[in-house]
Amino acid sequence: MAVGVFDSGLGGLTVLDAVARRLPQVPFVYFGDNAHAPYGVRTSDDIFALTCAATERLWDEGCDLVILACNTASAAALKRMQETWVPKDKRVLGVFVPLIEALTERQWGDNSPPREVAVKHVALFATPATVASRAFQRELAFRAIGVDVEAQPCGGVVDAIEQGDEILAEALVRSHVEALKRRMPRPEAAILGCTHYPLMQQAFQDALGPEVKVYSQANLVAESLADYLTRRPEFLGQGTETKFLTTGDPASVSNKATLFLRHRIVFEAA
Ligand code: DGL
């Protein structure tokens with residue numbers, strides 16, 4: 001009864017950590033496409049092809065349900081995958097909707113018309129591909145009116161994290177927050193719209209200031225997955241083992257993952 005978790009690299013481990021804590025009885029198979037990260041500077045055709053290949057590999061591991069723990073893939077490829085590619089006996093879900101439901105104070109499946117919500121000025125930090133897709137604004141517009149979103153494409157941050165260069169990642173976070181604040185001086189909420197960014201959450205919070213509520217996805221996705229599996233237990237696949245697969249160098253990816261999550265993680269070649 002395994003579930004697949006996909007990311008372009010290390011970022012999805014922030015989601016994996018939360019879902020594994022929320023559903024300790026479920027084995028998870030993680031796939032990091034480290035050889036092709038970052039996705040955030042790729043075209044949507046490229047992101048679609050890479051995400052489909054990784055998803056198929058997770059199906060081979062007995063995971064009928066795959067979570068795209070990657071906003072870039074969720075924004076640039078998920079809709080096309082669901083509409084044209086995913087067979088009826090499999091499911092692929094993204095990480096955008098749980099976050100937007102939290103921001104707009106909605107329960108799962110509440111499809112009522114968009115309404116006014118408490119928060120009015122939202123800063124979105126994401127990869128260039130996610131920002132260019134405008135998927136966040138589109139999903140938000142289905143649920144809320146009168147929310148001003150200022151999006152900052154955070155070039156370089158994922159690369160620095162994948163390379164394990166925390167100092168560079170922090171410096172880039174500070175400069176991206178400053179750039180956003182020049183356009184939106186007082187955001188009330190900030191969305192970390194990339195699963196790599198919770199690894200830099202403190203740097204975002206410090207640069208934004210304590211009055212800004214920072215939303216990150218891991219726990220919201222975990223709740224939403226638990227809820228989904230209660231409603232659709234048939235999508236718990238045949239897999240039985242938790243494992244970590246990478247297209248990159250397993251030894252070096254294991255070391256970086258262990259460093260970031262502060263517990264030992266061993267990757268094997270995908
Ligand atoms: N962590 C991913 C995301 O949530 C991908 C970042 C990248 O590969 O550029 O967007």
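Note that Cβ sites are derived from N, Cα and C of the backbone, with glycine treated the same way.
These features come from TrEMBL:
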- ASP7, SER8, TYR39, GLY40, ASN71, THR72, THR195, HIS196: substrate binding site (BINDING)
- CYS70: active site, proton donor/acceptor (ACT_SITE)
- CYS194: active site, proton donor/acceptor (ACT_SITE)
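Under DSSP, ASP7 (substrate binding site) is assigned to a strand (E or B) in the three-state scheme. Cα separation, THR72 (substrate binding site) to CYS194 (active site, proton donor/acceptor), rounded: 7 Å. For SER8 (substrate binding site), the same-chain residues lying six or more positions away in sequence with a CB closer than 8 A to its CB are GLY32, ASP33, ASN34, HIS36, ALA37, PRO38, TYR39, GLY40, LEU50, CYS70, THR72, ALA73, VAL158.
Under the three-state DSSP scheme, THR72 (substrate binding site) falls in the helix class. Within 10 Å of the C-beta of ASP7 (substrate binding site) we count 30 further C-beta atoms, all protein chains included. Packing around TYR39 (substrate binding site) is summarised by its Cβ count: 28 other Cβ atoms lie within 10 angstroms of its Cβ, all protein chains included. Cβ contacts within 10 Å of CYS194 (active site, proton donor/acceptor), excluding its own Cβ and spanning all protein chains shown: 34. Summarising the environment of CYS70 (active site, proton donor/acceptor), the number of other Cβ atoms within 10 Å of its Cβ, over all protein chains shown, is 34.
Excluding the listed site residues ASP7, SER8, TYR39, GLY40, ASN71, THR72, THR195, HIS196, the same chain places GLY9, GLY11, GLY12, ALA37, PRO38, CYS70, ALA73, THR127, THR130, VAL158, CYS194 with Cβ atoms within 8 Å of the centre of the substrate site Cβ atoms.
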